[in-house]
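**Student:** Just dropping this structure here.
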Amino acid sequence: MSDYDHARIKKLVLKGEKLKKSKKRKKEKDEAGSSKKAKVVVDEDAVKHGGWWAAKTAADITGTVSIEFGDRSYLKAMDNGLFTLGAPHNAGDGPDPEEIFTAFPINDRKVAFKSGYGKYLKIEKDGMVTGRSEAVGGMEQWEPVFEEQRMALLSETGHFMSIDPQDDACVALRKKVGQHEICKVRSNASRDVVIDTEPKEEKGDLGEVEKNYVKKFQKFQDKKMRINQNDVKELEQAKAQGSLHETLLDRRSKMKADRYCK
């Protein structure tokens, strides 16, 4: 194991806390067959990033993470305690080792990031972001801010982390979010995936749902779609009562728009 990797896996140290010798943990035995494997829904965005998925909430930002600016370019730690933007990666590739951090939740809003060199990201008085802190204080804490499917990292001084377009250095100089402040924190942790079991015909509003089922079952000899012109409130009521499919079938049969209805 390299010095970089060895440093990256150490625990969070708060300022004023004494260092304790780590104790070896016994490996937990895998309970094979104790739980069924969950069905996986493919996250196309994660596939393009080597399996690293984008955090949607602050709770997602924990453990092994990367910080992406732009498309497949990640914040990279350097051995002088500074950060730069790494070179763009090919589709399907994940971040390099120097582009991988460990995130430690401070509370339900803020996190601290430790580089692979074992130092915490800190906002300096001049706006530079450095990685030279041995422990976490206020200046080492960052708040992920989410708005309209975009994210930015807010420092203790009220400035957002960004990449300087002049030299690709990591800074936090602006109190408003622009294109250079928008980023994504990505994780490669395993996660529970919500399986989409809704039939494709039932996506959209009830008017679209009815059209979808007509397309699926209608006899198209004359190439004309026959839609029941009665108010869709009938469908809303049927959905609330759990009889949507029966009502849709009845409406199609009245229009002779179902090849299975006589």
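Even glycines carry a Cβ here, placed using N, Cα and C.
Remember, predicted model here, so these are calculated numbers, not experimental data.
As annotated in Swiss-Prot:
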type: COMPBIAS; residues: 28-39; note: compositional bias 'Basic and acidic residues'
type: REGION; residues: 16-39; note: region 'Disordered'
type: MOTIF; residues: 23-39; note: motif 'Nuclear localization signal'
type: MOTIF; residues: 239-255; note: motif 'Bipartite nuclear localization signal'
**Student:** DSSP on the motif 'Bipartite nuclear localization signal' (239-255): how many residues come out helix, how many strand, how many coil?
**Tutor:** 14 helix, 0 strand, 3 coil
**Student:** Express the predicted model's confidence over the motif 'Bipartite nuclear localization signal' (239-255) as a mean pLDDT, rounded to an integer.
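**Tutor:** That stretch averages a pLDDT of 75.
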